[in-house]
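Q: Have a look at the structure that comes next, please.
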Amino acid sequence: MKVLAAMSGGVDSAVAAARTVEAGHEVVGVHLALSRMPGTLRTGSRGCCTIEDSTDAWKACEKLGIPYYVWDFSERFKEDVVDDFIAEYAAGRTPNPCMRCNERIKFAALLEKAIALGFDAVCTGHYARVAQDEDGNYELHRASDWAKDQSYVLGVLTHEQLKHSMFPLSDAQTKAEVRAEADRRGLSVAKKPDSHDICFISDGDTRGWLAEKIDMTPGEILDQSGAKVGTHEGANAFTVGQRRGLKLGTPAADGKPRFVLEIRPKENTVVVGPEQMLAMNEIRGIKISWAGEPIAEVGAGTEFDCMAQVRAHGDPVPARAFVTTDDDGAPLLVVNLIDPLRGVAPGQTVVLYQGTRVLGQATIDTARSLVSSSTKVD
């Protein structure tokens, strides 16, 4: 097979490419220039598209004896990922830019270009597994190392995208094993630290970064009764479940801390309350997609058992789900959680599993609490 290896400049993508070469495939490496402006390239940053990352990717390809290219996807990345991130926060929602990038860039723009150029597949350093059922349908599963598993952020992939995707690290037991393999192979990135921040916010200060992009207007912080308990410098920078950064002039009657329960961007207010009010037992999701072929119960519109996960490394909880339609006739995923989840925010993604298999995902529109009404952004 002719395989395009996406090279981030990190240890995972380097070892993934090495394993693909070792498997006998014809491999070409490509580094994606994503968040840079034309004519610039950042240095000394923890984000993506640094000179160091590009150099590390080139060194890995040179060591493996494969061609290396840099493709500039910065304009599409800005439009589909960065601008979307800003718009979602401006609307009071909490987006997942990594999932958006996988959906629009790595497994859309990159994969489309790869196939157009005659490649059979794209391989990445994601910790996940693609499998085929007895009928030849492609499925997405968790990786062997659940601590590093990234199937959550790949839950947006379609059957056709899975068909052309390779995840060579699917059977890696630990990250330490991957680093040791990189060291044995003489790859210079063996000890390179992992990246944990949003790649286009290099200093990790999401709130400060958003303040430069969104018109932040001071407003009121209210408790669940509607009484003013503090002020904020901009409602758009908060997310449901947040505690830090709240300026509360009036302490709670019980003396316990309060958390963000709701963001009302039209009113420029933030609603806070006790931690127990963050517990949600019903999620309603829009923009539904299925990883591979939908399960039979979905087509029948009946309720099915699953595990629901709302954060990349969050704990999945047992649930029952079904698909219905909203008032406008659009598909709506309803997930009833057996065990409540804390701080479920509109804009986040709920991913459904059965065993290790990813069933699909939806963007959270509303979440209903055990003790309150619903959290919704209009």
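Placed from the backbone N, Cα and C atoms, the Cβ positions cover glycine too.
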Q: For the ATP site that Swiss-Prot lists with ALA6, MET7, SER8, GLY9, GLY10, VAL11, ASP12, SER13, LEU32, give the additional residue from the candidates GLY125, GLY136, GLY155, GLY186.
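A: The record-listed residue among the candidates is GLY125.
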Q: Including all protein chains displayed, how many Cβ atoms other than that of ALA6 (ATP binding site) lie within 10 Å of its Cβ?
A: 24
Q: When a 10 Å sphere is centred on the Cβ of LEU32 (ATP binding site), how many other Cβ atoms does it contain?
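A: Looking across every protein chain shown, the total is 25.
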Q: What is the nearest of the recorded positions CYS101, HIS126, GLN348 to ASP12 (ATP binding site), using the Cα of each?
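A: Closest recorded candidate to ASP12 (ATP binding site) by Cα: HIS126.
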Q: Relative to the Cα of ALA6 (ATP binding site), which of the recorded positions CYS101, HIS126, CYS199, GLN348 has the closest Cα?
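A: For ALA6 (ATP binding site), the spatially nearest of the recorded positions is HIS126.
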Q: Whole number in angstrom, please: the longest C-alpha to C-alpha distance across ALA6, MET7, SER8, GLY9, GLY10, VAL11, ASP12, SER13, LEU32, GLY125 for ATP.
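A: If we measure all Cα pairs in ALA6, MET7, SER8, GLY9, GLY10, VAL11, ASP12, SER13, LEU32, GLY125, the largest is 16 Å.
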